[in-house]
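Features as listed in Swiss-Prot:
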type     : residues                               : note
TRANSMEM : 35-55                                  : transmembrane segment
TRANSMEM : 173-193                                : transmembrane segment
BINDING  : 270, 271, 272, 273, 274, 275, 276, 277 : ATP binding site
BINDING  : 492, 496, 573                          : Zn(2+) binding site
ACT_SITE : 493                                    : active site
């Protein structure tokens, strides 16, 4: 009664039915069973019979109903009359080898295409992915690599190909999206520019293109620099000139009653560190009028024409506040001589200086604005700046003398605890040629040394050590010096000192040291004459003595250690001697053969519109004479130094031994 049907149409009669023993009931239905068996086996194909493996049961056994034969019905077929078989219709389900997921690998996609199981594909807009539709209706997505043969494979297998138009689908939105970013960027830049100019965007300082033309000068309606003329020492003549300018601003009637006119400009000239800017700050603190200050380097910037624009803007503001003072520091940055002609291009500084000249004394005039300027390079300034009507006064701020250095030391010692042994006069005499900035640095270094040594006061020792540190560099206390090297350096420095001390009309010896400082293994300090230093006048005998003193170190090495054991320690001495001897022959007229003739003059700076190169204004024969004269001066100085050392060799030994011991 029970039958299992496999998908391959194999039929198996259940063992429980066949194993039943025959009885009367079974025998009665023998004909029906025989007919049923004949029908079933007739439907089995030879292929199905050949498959003798047991098939898994796919579903529960189906109940088959067999009706009893009807005697009233005739059927020509044996065993089949009145037999009705009501069985469910079965069909084998096809097995699919397509992937079950919705995301296929590219290899799976190609296999399906080649087997004809892909009906159509739809590529994305950028071609990086596609969506397929299989023949059974399912859909899947595939990531497409860069395969140039893919389109040909799809076409050969009859696959319908299409391309997506994108997600937007509307060209208007695409155009708007492309224009939106540039518009936002332009609006942002416009907002920043407006903000930098104090427009509706609000005040700000981010800087805009129109802000380049504005002057960056610092303005003080009531200057509070904290500096007055009482704080300026060592520049009495310069201070007097500027005090007159301040008095002109405070009491103009005193001068105009006599027909005097206010100076248009005042140029402060002097070496670096002499107090030019300090004097300008003192003028601002004393004048009591509006004060504009700027650096000349601030005029020239990125864009062409900015320098002239800033000069105009500066003087517009100054004229609105007249009477006032405009201070331009380091004016040589824009006031260099015009017309050099090198490079073939436009120099922005020329436009700036032209505008400055016009504003100071142009067609429109300039009333009530005094221009102060400072420079340490007056030789590079344009001649138009230096003429009357521009900078009417040139105030030279030179290095202070002894009395000026004493007053400067007193100013910079305010607020510092000094010991009783500090003598400003002695310090001033040991610092010839020092500027105000140098003396300020000296006192500051002395205070640092005192603090490093845990002292409560600054003594003369700290000031002396600070002076040597500034001149020669810091001590190399940890330097390992052998006894042989120490002895050599001691005799070398003793030779300098001995020749200098016994040479007539030369500077006195101030200090000898064999402690390494900076690049020097030892130093001999001489105290130059204040009168000679200030006047700048040096006699022939002084220059010859200077060369002999410089050669004293090499002579001492040669006498004590022999010619084969001399060292390179005298290399700088030789350079100094050669320079002095050549100047004596070529420029100073101290040669009998050359006479009072200056030869070998420099050609000037081509960047200042001067000569492009050095011109040789003497013959080769004259050059040979110059060389022989220089060599003769050096040899004469060497013999003088050697004579002094050999004559006083005992003093040399004692001095060297004293240096080694201390």
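Positions of Cβ are set from backbone N, Cα and C atoms, glycine also.
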Quick one: which residues besides 492, 496, 573 have a Cβ within 8 Å of the Zn(2+) site's Cβ centroid, in sequence order?
493, 495, 524, 550, 551, 552, 553, 554, 556, 569, 570
Return the residue, from the listed binding-site residues 271, 272, 275, with the maximum count of other C-beta atoms within 10 angstroms of its C-beta.
275
Could you state the whole-number distance in Å separating the C-alpha atoms of residue 276 (ATP binding site) and residue 496 (Zn(2+) binding site)?
38
Consider the recorded positions 492, 493, 496, 573 and say which one has the Cα lying nearest the Cα of residue 275 (ATP binding site).
573
Going by Cα-Cα distance, which of the binding-site residues (270, 273, 277) sits nearest to the residue listed as 'active site'?
273
Where the distance is taken from Cα to Cα, which of the binding-site residues 492, 496, 573 turns out closest to residue 274 (ATP binding site)?
573
Protein Cβ atoms within 10 Å of residue 277 (ATP binding site), excluding its own:
18
Tell me the Cβ contacts of residue 492 (Zn(2+) binding site) under 8 Å, same chain only and six or more apart in sequence, or just say none.
521, 522, 553, 554, 556, 557, 569, 570
I need the neighbours of the ATP site defined by 270, 271, 272, 273, 274, 275, 276, 277. Which other residues of that chain put their C-beta within 8 angstroms of the C-beta centroid, in sequence order?
374, 376, 397, 435, 436, 437
With Cβ-Cβ distance below 8 Å and at least 6 positions apart along the chain, what are the contacts of residue 273 (ATP binding site)? List them in sequence order.
435, 436, 437, 438
Test of understanding: give the count of other CB atoms lying within 10 angstroms of the CB of residue 270 (ATP binding site).
21
Residue pair residue 271 (ATP binding site), residue 496 (Zn(2+) binding site) - Cα distance, angstrom, rounded:
31
Considering only the binding-site residues 270, 272, 277, which residue has the minimal Cα-Cα separation from residue 496 (Zn(2+) binding site)?
272
Please report the three-state DSSP label of residue 272 (ATP binding site).
coil
Taking just the CA atoms, what is the gap between residue 277 (ATP binding site) and residue 573 (Zn(2+) binding site) in Å?
37
Please work out the number of neighbouring Cβ atoms within 10 Å of the Cβ of the residue listed as 'active site', leaving out its own Cβ.
25
